[in-house]
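Engineer: First the structure, which I've put down as structure tokens, then a few questions once you've had a look.
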Amino acid sequence: MSELSDEASEPELLNRSLSMWHGLGAQVSREELDVPLDLHTAASIGQYEVVKECVQRRELDLNKKNGGGWTPLMYASYIGHDTIVHLLLEAGVSVNVPTPEGQTPLMLASSCGNESIAYFLLQQGAELEMKDIQGWTALFHCTSAGHQQMVKFLLESGANANVREPVYGFTPLMEAAAAGHEIIVQYFLNHGVKVDTRDHSGATARMLAKQYGHMKIVALMETHSPVLPKSLYRSSENYEDLSSSDESWPVPQRQRPCRKKGLSIHEGPRALARITATGLGGKTPDSYEQVPPRGYVTFTSSDENTMEGEGLCYRDVTSPINERDVESSSSSSREEPTFCASLGPVWRSSSSDGLARAQGLSSEASIESNEDSDHARKSSVRKQTRTYLKNKSRHNNSDGHWPSSTGTARTPGSEPQAEKSPYSGPQDLATLLEQIGCLKYLQVFEEQDVDLRIFLTLTESDLKEIGITLFGPKRKMTSAIARWHSSARPPSDALELAYADRLEAEMQELAIQLHKCCEEAEALRGQVSQEQELRAVVESCLLEQDSARKDIHAQLQEAQTLAQDAALVLDQLRACQAELSARLKQHHSPSEATQNPPFLPADSKGWPIPLQALSLPELSGALEDRVHEMGIMLRNAEPGETTDAEWEEMEGTIARRDDSDVG
């Protein structure tokens with residue numbers, strides 16, 4: 001739905017009034033075309049400020065439905081306006097109100113692949129298994145549209161993958177297999193769905209994939225299902241047309257559940273002009289040749305009986321909002337008018353959604369974008385035309401011969417080209433193997449139940465897996481398959497044949513090398529990611545170590561300062577002790593003092609006055625102060641080893657000793 005979303009060019013629209021094209025010659029005043037925005041219109045075109053103003057006023061019913069039965073939340077969910085959906089959900093709107101067809105906002109978001117919106121809705125209590133009037137759940141809608149990531153998201157959210165719709169008895173796996181969505185089928189198989197469930201007609205998902213020509217899905221499902229006896233597939237009573245030995249291999253037209261046909265958001269300006277005829281004075285404008293503006297592509301039928309009554313004429317198929325859609329789709333439609341007008345059953349690729357499933361295509365299903373169904377879906381209408389014509393000539397040959405050269409669509413004014421005479425090709429696998437000299441390998445293919453139709457879909461790796469290991473026969477088979485798919489005549493000379501075979505071999509070798517390079521690139525990305533994680537871990541460890549080192553350095557500096565202070569106090573204590581001892585000796589032994597030489601004066605390092613000038617009480621007090629300072633420093637250096645009471649007791653002991661010495 002991304003190609004139809006107006007998110008890409010929304011700023012260009014905000015400066016323009018809401019008006020519509022009424023055709024050439026319609027005289028409409030500007031005042032008649034200026035329409036005020038209501039809540040539903042603002043939610044549909046992404047006018048966040050208008051919706052915010054309506055919510056803040058609290059005068060409007062945010063769950064009110066318009067004439068079509070849609071609420072503002074439905075429009076925002078369908079088109080993909082995440083911010084508006086979030087705003088409405090915060091305002092408390094109901095998330096399970098259905099449309100007249102029974103479709104909830106979750107179903108509308110799923111049908112368009114809006115994963116973020118689906119996530120918001122589920123967070124607000126949206127019912128995952130709610131069904132519409134057809135019995136389809138949200139998983140059915142995104143499966144039918146081919147939105148791979150939405151299917152994966154719903155499966156991870158707990159959606160029931162084995163639910164069945166009541167009309168045909170289809171399961172989501174059957175819908176994906178019949179539509180040709182390989183990756184979605186792979187998701188279902190990995191999720192563990194039941195592969196042997198049958199619909200009301202008795203067909204399984206594998207049979208439906210085979211019926212509509214999706215052989216890759218058939219091979220994919222065979223690897224996830226038990227091997228059944230050949231008699232079950234060869235029975236003449238049931239599913240005889242599904243036998244792999246049917247060489248004509250017509251691709252039947254898939255009948256889809258019919259939807260109520262009415263005005264859609266994609267109907268274009270003509271439908272809007274019809275329902276707003278009152279703006280022209282209530283009169284229908286006269287019929288004249290009208291040319292739509294740039295961005296609206298119309299299909300004109302050159303055949304009177306082609307698509308008559310299907311409502312395909314003058315129908316816009318591109319969004320005029322996206323300029324890239326205008327340039328691509330309009331030019332392609334002008335170049336291929338014949339194909340668009342005479343669209344029949346279309347040969348569908350098993351990895352994409354194609355143009356349409358049948359003639360009775362609806363306006364919603366025929367133009368719905370499928371950006372995540374396949375990254376290779378951006379091919380133009382011209383390429384799809386060639387594919388359609390080639391496969392039509394290949395598979396609708398009534399005589400079973402090989403196709404002639406690919407037909408070319410006749411454009412207006414061009415002369416018909418002379419058709420080349422067709423040549424007769426092999427009608428079965430034995431004839432083909434005999435022509436290329438590999439008839440001895442027929443038994444190998446018969447053991448694997450491979451006929452001509454399946455043989456033409458094999459690759460070099462498939463042949464090697466079957467048992468064709470010799471290089472020569474394997475190269476002959478791949479070259480024959482390549483020539484058949486290109487609808488080319490066998491070369492008339494050996495040199496041309498060798499050149500064609502060499503080109504085919506080089507292409508296959510390049511494909512193998514590309515696959516290997518992609519795997520190596522993915523492995524290198526993983527290694528780079530691991531190295532980035534390791535680097536982040538190492539950097540965090542280094543930062544922690546650096547922080548720890550800085551803390552230890554600061555502690556060492558603090559300890560060094562304390563040690564220096566303690567050394568100074570210790571020197572002072574020694575000087576004080578020496579002076580005190582000298583005086584005590586003089587006081588107790590005066591006679592000895594006269595006989596012996598006097599003591600040398602103590603070194604008074606750091607003392608403000610000489611120690612000799614202090615009296616004994618003063619000297620004792622100074623000694624007590626220095627002991628107290630020493631205790632404080634030791635406690636700061638080694639906290640917790642000596643309690644305060646012990647230090648006080650130690651200081652008291654020293655003081656008493658000094659007093660006794662003085663006495």
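Every residue gets a Cβ built from N, Cα and C, even glycine.
Quick paste of what Swiss-Prot says about this protein:
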type: MOD_RES; residues: SER2; note: phosphoserine
type: MOD_RES; residues: SER5; note: phosphoserine
type: REPEAT; residues: 34-64; note: repeat 'ANK 1'
type: MOD_RES; residues: ASN96; note: 3-hydroxyasparagine
type: REPEAT; residues: 168-197; note: repeat 'ANK 5'
type: MOD_RES; residues: SER201; note: phosphoserine
type: MOD_RES; residues: SER225; note: phosphoserine
type: MOD_RES; residues: SER243; note: phosphoserine
type: MOD_RES; residues: SER244; note: phosphoserine
type: MOD_RES; residues: THR318; note: phosphothreonine
type: MOD_RES; residues: SER319; note: phosphoserine
type: COMPBIAS; residues: 322-337; note: compositional bias 'Basic and acidic residues'
type: MOD_RES; residues: SER369; note: phosphoserine
type: MOD_RES; residues: SER373; note: phosphoserine
type: COMPBIAS; residues: 378-395; note: compositional bias 'Basic residues'
type: COILED; residues: 500-575; note: coiled coil
type: MOD_RES; residues: SER540; note: phosphoserine
type: COMPBIAS; residues: 641-651; note: compositional bias 'Acidic residues'
type: COMPBIAS; residues: 654-663; note: compositional bias 'Basic and acidic residues'
Engineer: Round to the nearest Å and give the CA-to-CA distance linking the residue listed as '3-hydroxyasparagine' with SER201 (phosphoserine).
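Structural biologist: Taking the Cα atoms only, the residue listed as '3-hydroxyasparagine' lies 33 Å from SER201 (phosphoserine).
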Engineer: Once the chains shown are all counted, how many other Cβ atoms turn up within 10 Å of the Cβ of SER201 (phosphoserine)?
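Structural biologist: A 10 Å sphere around the Cβ of SER201 (phosphoserine) contains 11 other Cβ atoms.
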Engineer: If you run the three-state DSSP split on SER540 (phosphoserine), which class comes out?
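Structural biologist: Its secondary structure by DSSP: helix.
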Engineer: When you tally the Cβ atoms that lie within 10 Å of each candidate's Cβ, which of the modified residues (ASN96, SER540) has the highest tally?
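Structural biologist: By the 10 Å Cβ neighbour count, ASN96 comes out on top.
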Engineer: I'd like to know the mean pLDDT over the repeat 'ANK 1' (34-64).
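Structural biologist: It averages 88.
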Engineer: At the level of the C-alpha atoms, what whole-angstrom distance separates SER201 (phosphoserine) and SER540 (phosphoserine)?
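Structural biologist: Cα of SER201 (phosphoserine) to Cα of SER540 (phosphoserine) measures 64 Å after rounding.
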Engineer: So, by DSSP, how many helix, strand and coil residues make up the repeat 'ANK 5' (168-197)?
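Structural biologist: Summed by class, the stretch gives 18 helix, 0 strand, 12 coil.
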